[in-house]
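> Here you go, one structure.
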Amino acid sequence: RFCSPCDIKELFCTATGLSRYSTMYVYVCVVEVFSILKAFKINELKTEVTNRLAMLEKRVELEGMKVVEIEKCRSDIKKLREEMASRNNSFLDDNKKLTPRRDVPSYPKYMLSQQTIDALRKPTFDVWLWESNEMLSCLEHMYHDLGLVKDFNINPIMLKRWLLCIHDNYRNNPFHNFRHCFCVTQMMYSMICLCNLQEKFTQVDILILMTAAVCHDLDHPGYNNTYQINARTELAVRYNDISPLENHHCAVAFQIFSQSDCNIFANFDPEAFKQIRQGTITLILATDMARHGEILDSFKQKVDNFDFTNEEHVTCLKMVLIKCCDISNEVRPMEVAEPWVDCLLEEYFMQSDREKVEGLPVAPFMDREKVTKPTAQIGFIKFVLIPMFETVMKLFPQIEEVMVQPLRESRDRYEELKQIDDAMNEVSSDLFYYYYYYYYFLTGISYFLLIIPIGAEKEE
């Protein structure tokens, strides 16, 4: 049950004496799948299969699965052996219709150290130190650590496949890429731990928060909603100019869930799945910055008399939490946060260059000829980040030291940088005019010296 299709295929190739690269098809009917094995040299087969199953048992243990899952696998393997031993010789019916199965690759397992596990719970976590397989292992750990795998009976192998599929559906954009997905999800995980959200929210709410964070920018093309609408792209037409990117992220997320080998919600009943789907969509759509003022104003009206038993209040808080995590880079230490500014500006400049070529409006904050790091960040931190995080701080005072204070320090640092830039620009301007007048002064002198001999010659 927990073996990959590739493992099963190798068993059949061993049984039939075929090359491991042969194309094979397998009946959906389990009884007939096992029946074919007895059609060949049973004595040799038993030895070969026993060795292979022993290797699989060892692999399961190395994969770090929980004791319960290991025992399940062992039980399934034992049943497989008994089934094979009890079967009579029979052959595959050639008239049956075959259903091809797609192999699903896995990523190299990374074993997290205790130091990494502890750091993962904090906003100061350095997201630049990790390769893709390590980030996938960290995400997998978060789902286990929060109790989501156990409480919702999520198949651990299915979780791995889902995360790998998520990874494959993020594009290699400068900013909106899989590392950004990991960054946002890790910040959500740290907020859940820091604010003790599991004591205030249901586990379903926690599952929605984490899953929405993982999926929130799936298949982002690297050009924002403004470009989509102005350029009348397929996404803008499909979603009637209403949050085209966020609607697309939701659609891709649930296309992935619709694949049987990636559906971590397979054990949910229809009503529970409907709740998860609606909650996830609501949070992903909330990440559209065009709705920032609307969502924050709604939360401000509720925060002074917040009621964790009120579903509307809780939904509004979840929307604000995912917004905080989505734009939380400046909460992190400077050496972690600043490279993200470079990545974002690179993506902005790619868009503005394209908008100029296509004759579309260009936002000043995205124009490489008008924007600098300080000018890009100061207004965003002062008027977007700090007001939102300070509002959340009313509910969770513990975030002030580790989240709000770093934002204030970042604002002050960029304001100092702007002052330095302004001073340098002023000096540059003064030097320009100095050299400008000096040049024309020298030009005038040269002209005057040139005129005198000409005049003298005329007089002579």
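Any Cβ shown, glycine's included, is placed from N, Cα and C.
Feature list, courtesy of TrEMBL:
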type: DOMAIN; residues: 100-421; note: domain 'PDEase'
type: BINDING; residues: H176, N177, F178, R179, H180, D217, D326, Q377; note: AMP binding site
type: ACT_SITE; residues: H176; note: active site, proton donor
type: BINDING; residues: H180, H216, D217, D326; note: Zn(2+) 1 binding site
type: BINDING; residues: D217; note: Zn(2+) 2 binding site
type: TRANSMEM; residues: 437-456; note: transmembrane segment
> Minimum Cβ neighbour count within 10 Å among the binding-site residues D217, D326: which residue?
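Ranked by other Cβ atoms within 10 Å, the binding-site residues D217, D326 bottom out at D326.
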> If you average per-residue pLDDT over the domain 'PDEase' (100-421), what number do you get?
95
> Can you give me the Cα-Cα distance between N177 (AMP binding site) and H216 (Zn(2+) 1 binding site) in Å, rounded to a whole number?
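Counting only the Cα atoms, the answer is 11 Å.
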> Which residues of the same chain, at least 6 positions away in sequence, have a Cβ lying under 8 Å from the Cβ of R179 (AMP binding site)?
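Listed in sequence order: V127, W128, M135.
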> Give me the Cα-Cα distance between F178 (AMP binding site) and H216 (Zn(2+) 1 binding site), rounded to a whole Å.
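Given the Cα positions, F178 (AMP binding site) is 11 Å from H216 (Zn(2+) 1 binding site).
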> If you measure H216 (Zn(2+) 1 binding site) to H176 (AMP binding site) at Cα, how many Å is it?
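Distance (Cα to Cα, whole Å): 10 Å.
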> Taking the Cβ of H180 (AMP binding site) as the centre, count every other Cβ atom within 10 Å, in any protein chain shown.
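A count of 22.
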> By the count of other Cβ atoms within 10 Å, pick out the sparsest of the binding-site residues N177, Q377.
N177
> Setting H180, H216, D217, D326 aside, what same-chain residues sit with their Cβ within 8 Å of the center of the Cβ atoms that define the Zn(2+) 1 site, listed in sequence order?
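Not counting the recorded site residues, we get H176, C181, V184, A213, H220, T287.
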> Over all shown protein chains, what is the count of other CB atoms within 10 A of the CB belonging to H176 (AMP binding site)?
25
> Please report the number of other Cβ atoms within 10 Å of the Cβ of H216 (Zn(2+) 1 binding site).
27
> At a 10 Å cut-off from the C-beta of F178 (AMP binding site), count the other C-beta atoms across all protein chains.
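Around F178 (AMP binding site), other Cβ atoms within 10 Å: 20.
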> Max Cα distance spanning H176, N177, F178, R179, H180, D217, D326, Q377 (AMP binders), Å?
23
